[in-house]
Amino acid sequence: MKTFRSPSNSSTITGFILLGFPGPREEQILLFVLFSTVYLLTLMGNGSIICAVHWDQRLHTPMYILLANFSFLEIWYVTSTVPNMLANFLSDTKVISFSGCFLQFYFFFSLGSAECFFLAVMAFDRYLAICRPLHYPTLMTGHLCNILVATCWILGFLWFPVPITIISQMYFCGSRIIDHFLCDPGPLLALTCTRAPVMEFLWMILSSLLLFIPFLFIMGSYALVLRAVLRVPSAAGRRKAFSTCGSHLTVVSLFYGSVMVMYLSPTSEHEAGMQKLVTLFYSVGTPFINPVIYSLRNKDMKHALQKFLVI
């Protein structure tokens, strides 16, 4: 439990109120059905990729092992927010406990951090495959792939625990209403009794490093890939090289395009409605779309999925 202070008194309450997407009961039920369908399809799509990689021996390569881990991450990423959002659609109080709020805060941002690192490692894998094709099997070994996968998970879960723990120890004043569908740093910091400029600065630095270091690494990798592809003499060879990168670049564009708008500064001024829509896009929309992108633009994955679904 946490103390919420007001100018006249102090009281102890059990949590926050997540407004989510307020509306009449009929609208809440419609949203519940819609997001339940999206959630189940997301689980099925990403789960199918994991199963296809597991069962098809031809996909036991670093590229697809990374993709299977990425799909596993997407399942938990969407699960960190959607089940609670679904419960809120049917709830009259929309209360989330203090500990539940900060657990969601931690897992949502840790999984999002791991996603940034996975996208960078996947770009590195494509760089080696296209720019160093003859040395690729000896460079990107199974051992190195496992190390990169473990590093992504570990770094993701070690990136934000310190600032999240500090925020959880702050006092919150007045209203406990969060005009969002998840526990987000912006609305949480807005509820603190006093401004915490050091905390805001630390969050901005960690968020900026998390976003820009992998993003610049991805852009650098693809700049080298582009230079190598343009040197390929045949048009068919260039198309094949671009096709192996197209899915990943699309996912990177969707994810980074929306995340960079939101988290370079946790207290930046966004209208609540726009903030919720952008967060909804990258936290629910991209995990839903990614399996479609990877399966439609990749012949090997499409064939493996067809075999898996027929069995």
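Placement of Cβ uses the backbone N, Cα and C atoms for every residue, glycine included.
Curation plays no part in TrEMBL annotations; they are all automatic predictions.
So that you can see what the record holds, here are the features copied from TrEMBL:
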type	residues	note
DOMAIN	45-294	domain 'G-protein coupled receptors family 1 profile'
TRANSMEM	29-52	transmembrane segment
TRANSMEM	64-83	transmembrane segment
TRANSMEM	103-124	transmembrane segment
TRANSMEM	144-162	transmembrane segment
TRANSMEM	201-225	transmembrane segment
TRANSMEM	246-265	transmembrane segment
TRANSMEM	277-296	transmembrane segment
Can at least 3 Cβ pairs under 8 A be found between the transmembrane segment (246-265) and the transmembrane segment (103-124), with each pair 6 or more apart in sequence?
-> yes
Top stretch among 29-52, 64-83, 103-124, 201-225, 277-296 for CB pairs under 8 A with the transmembrane segment (144-162)?
-> 103-124
Could you name the stretch, out of 29-52, 103-124, 277-296, with the greatest number of CB pairs under 8 A to the transmembrane segment (64-83)?
-> 103-124
